[in-house]
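Per TrEMBL, the features are as follows:
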type	residues	note
SIGNAL	1-17	signal peptide
DOMAIN	27-134	domain 'Cadherin'
DOMAIN	135-243	domain 'Cadherin'
DOMAIN	244-351	domain 'Cadherin'
DOMAIN	354-459	domain 'Cadherin'
DOMAIN	460-564	domain 'Cadherin'
DOMAIN	617-710	domain 'Cadherin'
TRANSMEM	715-739	transmembrane segment
REGION	856-875	region 'Disordered'
REGION	880-911	region 'Disordered'
REGION	972-995	region 'Disordered'
Amino acid sequence: MMRLLSLLGLLGPGGYLFLSGDCQEVATLTVRYQVAEEVPSGTVIGKLPQERGREEEPGQAGAAFQVLQLPQGLPIQVDSEDGVLSTGRRLDREQLCRQQDPCLVSFDVLATGERALIHVEIQVLDINDHQPQFPKGEQELEISESASLRTRIPLDRALDPDTGPNTLHSYTLSPSEHFALDVIVGPDQTKHAELVVVKELDREIHSYFDLVLTAYDSGNPPKSGTSLVKVSVLDSNDNSPVFAESSLALEIQEDAAPGTLLINLTATDPDQGPNGEVEYFLSKHVPLEVLNTFSIDAKTGQVTLLQHLDYEKNPAYEVDVQARDLGPNPIPAHCKILIKVLDVNDNAPSIHITWASQPLLVSEALPKDSFIALIMANDLDSGNNGLVHCWLSQELGHFRLKRTNGNTYMLLTNATLDREQWPQYTLTLLAQDQGPQPLSDKKQLSIQISDANDNAPVFEKSRYQVSTRENNLPSLHLITIKAHDADLGVNGKISYRIQDSPVSHLVAIDSDTGEVTAQRSLDYEQMASFEFLVIAEDSGQPQLSSSVSVWVSLLDANDNAPEVIHPILSNGRASLSVLVNASTGHLLVPIENPNGLGPAGTDIPLQATSSSRPFLLVTIIARDADSGANGELLYTIRSGNEAGVFVLSPNLGQLFINVTNASSLTGSEWELEIVVEDRGSPSLQTRALLQVLFVTSVDHLRDSAREPGALSTSVLTVICLVVLLAVFGSILALITSICRTEKKDNRAYNCREAESTYRHQPKRPQKQIQKADIQLVPMLRGQVDEPGEVGQPPKHVGEEAMMEAGWDSCLQAPFHLTPTLYRTLRNQGNQGTLAESREVLQDTVNLLFNHPRQRNASRENLHLAEPQPAVGQPRSRLLKAAGSPTGRVPGDQGSEEAPQSPPASSATLRRQRNLNGKVAPEKESGPRQILRSLVRLSVAAFAERNPVEELTVDSPPVQQISQLLSLLHQGQFQPKPNHRGNKYLAKPGSSRWRN
């Protein structure tokens with residue numbers, strides 16, 4: 001049965017290190033397991049990766065575990081792939097640890113895959129697999145019958161190799177009335193039994209006794225061992241020898257030399273003569289090892305050492321010494337001596353090294369504090385004699401030691417390594433124990449540094465430059481690039497390549513030699529120079545590279561002939577016309593031929609020549625794509641200037657007319673052969689024919705008149721801009737007009753639409769209507785009146801309503817009565833009310849027809865300029881007469897036609913109607929008065945479709961409308977939505993009339 005005891009984890013603040021190979025951080029761990037002894041072979045004790053808290057991933061390769069050193073004879077196996085600890089054979093704690101308790105065996109495992117250095121401690125648990133066992137199955141004792149009471153005879157000690165509760169616990173003796181058993185515990189906690197005489201012996205009665213001595217352990221179940229003790233009773237010879245002490249303990253250094261006196265035993269016998277002489281001897285029951293190691297002098301009792309002691313093999317001995325006299329029938333006396341061997345520093349440390357990698361190569365890529373090897377210094381001595389201290393003796397200090405636990409050290413790097421500087425290190429490892437006279441050991445370590453790809457290729461130059469002539473042959477060798485790599489093997493093998501760029505197709509490089517060649521013929525005129533990058537890469541892992549710039553300059557070759565760009569040539573020819581003043585012979589500015597060879601000069605002012613200097617006819621401009629001398633041009637007249645009329649500047653290409661009076665040249669035509677050549681070697685040239693025609697101004701004007709005029713670019717641009725602005729303005733005006741129409745329509749209030757919408761609206765909180773909220777808009781059915789057909793006057797709904805209401809059809813009112821207002825007036829209670837309303841409305845119409853409107857100077861106060869009534873004539877009568885069609889007062893037959901009233905505004909009409917209403921207030925009730933006011937207000941509103949004054953908030957009609965809306969708001973009038981138009985119904989119980 002085994003279990004994991006503890007996982008101690010990281011040791012100390014520096015419990016991290018690196019393994020060579022992948023140089024990954026690792027942890028130093030200590031794990032402890034317990035396993036019982038005697039388990040079957042192959043029993044699994046633990047699994048190291050799992051104990052570190054990590055399960056292996058599926059498909060992951062097994063971790064590599066390396067056992068650094070196993071104790072000799074330890075039957076433990078560690079699987080190198082999965083780290084499973086198991087027993088290799090029978091596990092015997094007594095063989096591994098003997099009397100050591102607890103039994104701990106330890107070793108170190110290097111888990112490269114798990115990135116850990118694991119110190120494994122296994123405690124082997126004892127089981128009760130051994131019973132107490134005596135050296136012999138029988139013990140023979142002799143005792144005199146005259147032995148006194150409480151005489152003690154030591155018995156053989158039983159041995160039990162088990163420990164803890166399984167070891168020897170007690171002794172028992174078979175029942176006897178003469179003897180008892182006493183168990184003695186020694187200084188080292190060992191137990192042995194002594195036979196004690198408790199009753200006088202009588203040989204004549206009992207000449208011998210057979211006793212059974214049993215030893216028990218405390219195991220579960222307990223085990224025992226027995227030994228038969230045969231006691232012979234001898235005749236008395238008066239006295240027997242007696243030791244001063246029946247048991248002794250002493251210590252001796254393990255380095256004691258043979259012959260060393262250990263102790264001088266003394267036994268006394270009071271008898272005289274031979275009966276009083278005592279001799280000493282070792283019991284015949286002692287082990288052979290004791291007999292070979294110790295001896296006793298028979299006469300003196302001196303115990304001496306026969307051979308060298310070894311604490312590491314046997315730390316203690318038990319010696320059984322007997323003494324007897326020389327008389328007849330002697331009775332021996334017994335004395336037990338426990339000899340404890342003291343350890344001395346007699347063993348020098350031994351050094352064992354386990355390298356992290358095989359063969360012994362350390363990568364130079366390891367960083368500082370990387371793990372190199374595990375060093376174990378063993379010392380067989382105990383205590384301080386077994387404590388070992390190790391250190392390094394070195395020159396550079398590139399390595400160091402770090403203690404992990406006990407006498408185990410790690411060899412770590414103390415600096416970065418560089419194989420190129422130090423390919424090999426020789427270290428001296430010293431180990432010394434801590435004894436009084438320390439012993440030491442040393443070992444030479446030779447460490448080979450393996451190459452890592454830590455050096456990138458280095459070019460011989462920081463930049464390469466090369467020059468070559470253009471028009472080269474393909475595969476022309478340009479330059480050889482060289483780089484070096486300090487690494488070895490594949491890490492130092494270099495290959496070259498050109499980095500992709502717009503010019504990388506022009507060149508190629510040999511990947512092995514670094515030779516750069518041109519891929520095609522290079523042209524200086526296309527690219528005078530170019531630059532590209534060459535990359536040198538090694539073959540290591542990871543791959544390292546470096547780059548260098550290569551600058552290629554092309555040397556120009558004279559491979560381009562000059563090209564004349566002015567004047568423009570057509571088939572190698574150009575024509576120029578020279579204007580000559582026929583009267584003075586002066587030359588004017590040259591006018592190029594309008595046949596497409598140059599721009600027309602008709603819009604350039606003419607300038608007369610001066611007789612003091614040549615006249616510049618034209619500047620010949622040529623270009624050469626070559627550079628340097630290959631691009632320098634020389635202008636000459638090869639033929640056609642035999643008379644010397646023309647002079648050509650060889651460097652500037654300026655062609656002059658060298659005459660003071662050109663009258664004689666009028667009408668002549670010259671053909672000059674102009675040669676432009678460069679200064680290359682060999683030189684290249686271009687030939688151009690220049691025709692020069694001398695004409696008079698009259699001929700020039702006549703030729704110009706034949707040519708159709710053309711609009712200049714600026715004029716065409718202005719025309720296009722004007723057209724675009726006109727189109728844009730038209731579109732903007734159209735959009736503005738449409739928007740204004742829609743805005744006017746949106747301000748209209750359609751009572752039918754409002755009523756239809758009102759039926760579906762939920763109740764809203766009542767809001768007090770202010771006078772300022774009223775705005776009157778003259779509309780018909782929610783739209784502005786539209787004219788009728790062409791030639792026909794517009795037909796208004798107001799006219800139909802007036803005729804249907806009984807008004808005279810001859811009254812052509814300049815306003816329109818809406819159907820809603822008409823139905824409201826028609827449905828007013830009784831005919832008397834309708835007649836009164838009709839009369840009032842007709843009076844108002846008469847006033848509107850007979851009195852043209854005029855605008856008062858004030859917008860806020862509108863009034864009607866009334867005529868002063870005649871003396872004795874009432875004011876109301878005058879108004880009535882003014883409202884009749886004939887202009888007469890009814891009942892006044894003999895009167896003349898009344899003069900026309902002065903113009904009155906709608907506001908004045910409203911005031912007049914109010915005055916009329918005051919004449920007979922008793923005839924009009926509240927609702928009637930309000931409806932009449934509504935009629936007057938509607939008539940005035942429609943009349944205002946012509947330019948009239950605007951109503952103000954304080955005007956009486958607006959106040960009357962406000963009163964009507966207030967009555968509607970209070971619920972005294974209710975609209976009837978089931979009928980067309982606006983109808984108002986008085987609430988039940990109200991004193992007001994309803995339709």
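From the backbone N, Cα and C atoms, a Cβ is placed for every residue, glycine too.
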Restricting to the same chain and to residues at least six past its boundaries, which positions have a Cβ under 8 Å from a Cβ of the transmembrane segment (715-739)? none
Could you give the number of helix, strand and coil residues in the domain 'Cadherin' (617-710) as assigned by DSSP? 17 helix, 42 strand, 35 coil
Summarise the domain 'Cadherin' (354-459) by DSSP state, stating how many residues are helix, strand and coil. 4 helix, 56 strand, 46 coil
Under the DSSP assignment, what numbers of helix, strand and coil residues are found in the domain 'Cadherin' (135-243)? 3 helix, 54 strand, 52 coil
Taking helix as H, G and I and strand as E and B in DSSP, count the residues of the domain 'Cadherin' (460-564) in helix, strand and coil. 7 helix, 48 strand, 50 coil
